[in-house]
Amino acid sequence: MEESRAAAVQELRARFAAGQTRPAEWRAKQLRGVLRMATEMEAEICDALHADVGKPKTEAHVHEISLVKSSCLFALKNLKKWMKPKKVHARLMTFPSTARITKEPLGVVLVISAWNYPLLLSLDPVIGAIAAGNAVVLKPSEVAPATSSLLAELLPRYVDSACIKVVEGGVSETTALLEHKWDKIFYTGNSKVGRIVMAAAVKHLTPVVLELGGKCPVIVDSNVNLHVTAKRIAAGKWGCNNGQACIAPDFIITTESFAPKLLEALKKVLEKFYGKDPLLSADLSRVVTPNHFNRLLDMMDDEMVSDKIVFGGQRDEQKLKIAPTIFLDVPLDSAMMKEEIFGPLLPIITVDKIHESFGLINSMTKPLAAYLFTRDSKLQKQFESTISAGGMLLNDTSVHLTNPHLPFGGVGESGTGSYHGRFTFDAFSHGKAVLHRGFGGEAKARYPPYSSAKLKIMKGVLVGKLGAMIQAILGFPRGK
Amino acid sequence: MGTMAASVEEIGAAAPQALELHALQHLGELRSTFESGRTRPLAWRQSQLRGLLRLLAEKEDEAFRALHDDLGKHRAEAYRDEVGVLIKSCNAALREVGKWVAPEKVWAPLVAFPANAQVVPEPLGVVLIFSCWNFPLGLSLEPLIGAIAAGNAVVLKPSELAPATAKFLEDNIGDYMDATAVKVIQGGPAVGEQLMEQRWDKVLFTGCPRVARMVMAAASKHLTPVALELGGKCPCIFDSASVGTGRNLQTSVNRVIFAKWSSCAGQACVAIDYILVEERFAPTLIKMLKSTLKRFMADSDQMARIVNARHFQRLTGLLKDPAVAASVLHGGKLDAKSLCIEPTILLNPPLDSAIMTEEIFGPLLPIITVKKIEDSIAFVRARPKPLAVYAFTNSAPLKRRIVEETSSGSVTFNDAVVQYGIDTLPFGGVGQSGFGQYHGKYSFEMFSHKKAVLKRGFLVEAMLRYPPWDEQKIAMMRHLYRYNYIRFIFTFLGLSRT
């Protein structure tokens, strides 16, 4: 097993060294291959996603397949532009000279994916890694086994499998992979494993991108369009893998006086979306594994919060389904408020005045996303400047991740590095500075033996004094 | 994690062995300062940068003295490589910071209409900068400029191996900058370890891979993002054929000497480590190096000394290998008392000797000959990626091959080390030479988080976003995601079959 893994990595190294992944044509061909795969295998992909997390067909299309395709198209459209070296201003100090920044691939990279968006979180980083000209190993999540084996079976048919490989497996396989030398490791998952990945990267001083999670707060002010707000919160929470998404709203903060209205609006919307018995709705993902199901049950039935439930609470252990469940004013030291929920439970925390929500959020670790619903532009400005999060969205949830011009990534506990669009390309590239000098512009002043005359000229050159520059170029000071 | 302490003798006697309680309390103060928002306003950042400029102007003599004490640097070298570069960087930051902090508007697709998308830079928080001993002022303050411009609170940990400069920083920074937001903590490896037990919002480490691993391992416990500025063996490909024998040859030799011996006696991460040249040209090159060295380095005070006894022993050790000693063509004189090693040139030491497998970081220059200059490319590729690749050549094909087929932090043609001073170029390594880039705007970005901010209105509501789902909704979303608005409208109006 280890031999075949080592052999695979070695083959990737050899292919990369031979330059196979560098030409734009090769990169474009692979991207078109991924695009074809996502198009031709739609039905199989939907089936796998349904088998793994009970993902509704619409979510499979809208949140995974469509995004993979648009990612491919965006990369194909911009590939030449991204690959082009960028000319920068070379300073007068080194006149005459020209300066450029040229993007080169890092080499052989490892992408470790997650189980909640098992297609998207596997292919989106891989698309960028390929666009940047790297050889890639993809390790899909073993917690989504149907998608993992589908990728292992399909990808080699659509892309150059000598340079892009899928390695399946669990913890031991991932640990073994991490022992090898990578030029970059891209990990999506939780912060506990994120630490393990970063610690493993130390061995070869490998740079990492860690896309982690956090408790994404939603602040709801009272001057909002309540119906639209409730719909957008519901779509972002339960319409995203039933809350099992890194950018899903984790909890709500609103004023004590507004909470009842918001709660009523959410109840109405939920009934419209999922009917009177949500456990029967085909539009809700199930909980991924019995482990996570029990974790959520423990969280829900914890006596600190169990009496705070105001909506939902239905569960089906057989089908691993939990209905959208809302809690009101759970204690801040309950597990529900200390850990990332990653499920269909939504606590509403009330405060006296809406501004108090900022202090509460800042007392927690920085989340991947923070949301605010309000029409008050002053509150918006304050939110933007006071709260630190990977990304922020005003008056909506989740959709910012579909904009390929916005960097997507965390800060602090929610991660390091970002991607999407050009940012993925950059994450897997090295921006190499290239300076061309000619032999003219010989400044004697820079060489020993040193003298105060030379020092004077150098001082002038370094602050950009034209006179000193001319003197330097003309070979002053004369003599030594 | 192994201990960072190598041997007590090498650490300056004055360096604290452990963080005192009050120093630890300082760290809490920095966090409060940052959270109070004090370091965010543009005016505060500019005032700090101006304070730094005043420090560099008013305390120039003390700075020169400290650098001379620590490394025997001549004032001219100290100015050219450290003080002067810092003044330039500080001025540039003052000029540009207003632009850097401005949010960047980005395109938002019609599907999100009405929407406003921006990328807003924000400070990371409280950051830690580990400096190095060879450019103890420059490698402390250059990152500091970026961290401050980005609005962070900063702890600076200068290298204990350059104690005079560390003391200079500790004595002066508080007088010229906001002491509640910028602190200098002196100490040795034990202090470094203690600092890394804390959580930081970013750590920049400049130094060697061995210690870098310890820093990164400690950082992983807190998920602290790190940037590592390491070194490597920076090769210099000398294409004598295209350089010729006239003035260009002299210019090239001047620049090689500058990049090897004139920059802290070769103790620089961007110094030329070794030269690759065609066999037939080696004698000419060596002759020119010798004669030019005689002119430039007539006095011993023209070159910095070796930083301490341990590094002196290390360099001496490189020459002990008999095969290596036999390859010495010039120089080789060692003075343990003054810690001076004269410029030394070697011709073809064995490729598996320590001098050719480890970063030299000293005034020893191996010249390796190749049959054809193009063979240099394979030679460089076979080795770990260095911080810089240099080439003296006029051949456009060779230049192109070097850029495309080798990988390094940077490439400079027909000069060396000068790329360090150009703030429009990112400075940093790749592979074994590190990761993370700074200088100029890149310093600001190194210590910032670029936050995506998307603003929407309530007005336009896309019904198709919400369950319950059906095929028509799926089709419409497909078109929207491909920005295919015509087909979207048709489907919406029921004029297109799903």
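The chain as shown is numbered from 1 upward.
Every residue gets a Cβ built from N, Cα and C, even glycine.
Straight from TrEMBL, the features:
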type: DOMAIN; residues: A:6-434; note: domain 'Aldehyde dehydrogenase'
type: ACT_SITE; residues: A:E211; note: active site
type: ACT_SITE; residues: A:C246; note: active site
Close in space, distant in sequence - A:E211 (active site), Cβ under 8 Å, 6 or more apart: A:L121, A:F186, A:Y187, A:T188, A:G189, A:C246, A:L368, A:F408, A:G409, A:G410, A:G415, A:G417, A:Y419
Mapped DSSP class for A:E211 (active site), helix or strand or coil: strand
Overall pLDDT of the domain 'Aldehyde dehydrogenase' (A:6-434), taken as the mean: 96
C-beta crowding around A:C246 (active site), within 10 angstroms: 29
A:C246 (active site): secondary structure state under DSSP, collapsed to three categories: coil
